[in-house]
Amino acid sequence: MTRTSPTLVLASTSRYRRELLARLRLPFEVLAPNVDETPLPGETRSATALRLSVLKAQAAAMTHRDALVIGSDQVLMLGTEQLGKPGDHERAFAQLKKMQGRAMVFHTALTLLNSRTGSVQTRDVPTVVHIRPLTDAQIEAYLKKEQPYDCAGSAKSEALGIALMERMESPDPTALIGLPLMALTEMLAQEGVDVLTWPAT
């Protein structure tokens, strides 16, 4: 990829991923991938996330033949149960009630696909989050202030949701929000893109 080549392509409709990628100050395009997100029989949740991140990148690459395409997917596990986006206040309260005082694991899958060469890099970046013991009143107060109904686990770590958390363990703190920038920086370097010296937007 030369410096006159097309920009990066982010295969995601998530505004959180767009905001994260913008931190690297690289020009990029956004494309909404159309993929079937149904898990395969016997597939672990982390394997599903990794497979979907690849499928999203491949879908975007179909219309971008000379680009570096970023695909990402995330699953949240509380023990053996997968937690999704609550969608409303009642489900969000139930999620936080179940999560309080416990540890949960976010698996954030990342794919970087070079649509010109066909090379594919993938990474699963886990983040363990320990939620504080919470009272019902605290949960209600948080939900009224933040309304995190579009976030898996009903907590926005980049905002007030950080107050729900006791500690977290991750090799890449941006993975929790949905796009592991440290891992992505390494992947881009493998494709000849030095984030620090590349022309900024």
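Cβ coordinates are placed from backbone N, Cα and C, and glycine is handled just like the others.
What Swiss-Prot says about this one:
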- Y16: site 'Important for substrate specificity' (SITE)
- D73: active site, proton acceptor (ACT_SITE)
- Q74: site 'Important for substrate specificity' (SITE)
- E158: site 'Important for substrate specificity' (SITE)
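All protein chains considered, the CB of Q74 (site 'Important for substrate specificity') has 25 other CB atoms within 10 Å. The recorded positions under consideration are D73, E158. Their Cβ neighbour counts within 10 Å are lowest for E158. Annotation for Y16 (site 'Important for substrate specificity'): spatial neighbours E158, I177, G178, L179, criterion Cβ-Cβ under 8 Å with sequence separation of six or more.
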